[in-house]
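First the structure, in the form of structure tokens, and then the observations on it.
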């Protein structure tokens, strides 16, 4: 399945999720071009997410959302101006081919969301997205894996971990190959990366356990599934919420 063009809603969700995928996910790459902000207003640049802006400005995601009337899944658009809650005038380094003028901000990135704020186990039922061996667990470290990587033979079926609506099918996010994202509620999104064949379309409703793809190695060193569960834009440890492999959830 070829990647389709993104609508605004899907693009916003991709921008949101890309902070985990592009800045701290399995590719480990970071954006080399960041924006600037002055006073208490930040202008959204290409590739920004609410979480990335939070880290840059020191304003929490919750506060940014409150000040700007943004609801989950926290969609933002290029050029949008965001209030920062009275932040002091600051600017951050920006690489450019124009004159070399570099300013450095004295802002402290916000810390990772503590586990105490994660949803309680059993609040929602999740199914394993595939069968296989977990070769890379979730990590809370900066630059660590914000999901789990599961290895199995090429073509192994991949299933929706829960019922929901497909909000992205494509390969525009570098380092994640053929990627599918499913929105399960206003709070939860799951992501399935490195697929071989993708069997769903944008906007399609899926059932829990429905086959959505086959395992592949697109943009990966080996055949694997990179799987994420995101709760209110924050990546949480899937192993904490999935039942033991081979068993049904008890919730």
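Cβ atoms are placed via backbone N, Cα and C, with glycine included.
Under the heading compositional bias 'Low complexity', Swiss-Prot lists 93-112.
This prediction places the mean pLDDT of the domain 'LysM' (40-84) at 79. The annotation domain 'LysM' is assigned in Swiss-Prot to 40-84.
Per Swiss-Prot, the feature N-palmitoyl cysteine maps to 26.
The S-diacylglycerol cysteine annotation in Swiss-Prot covers 26 and rests on sequence analysis.
Swiss-Prot lists 93-115 with the feature region 'Disordered'.
Under the heading signal peptide, Swiss-Prot lists 1-25, citing sequence analysis as support.
The helix, strand and coil residue counts that DSSP assigns across the domain 'LysM' (40-84) are 16 helix, 6 strand, 23 coil.
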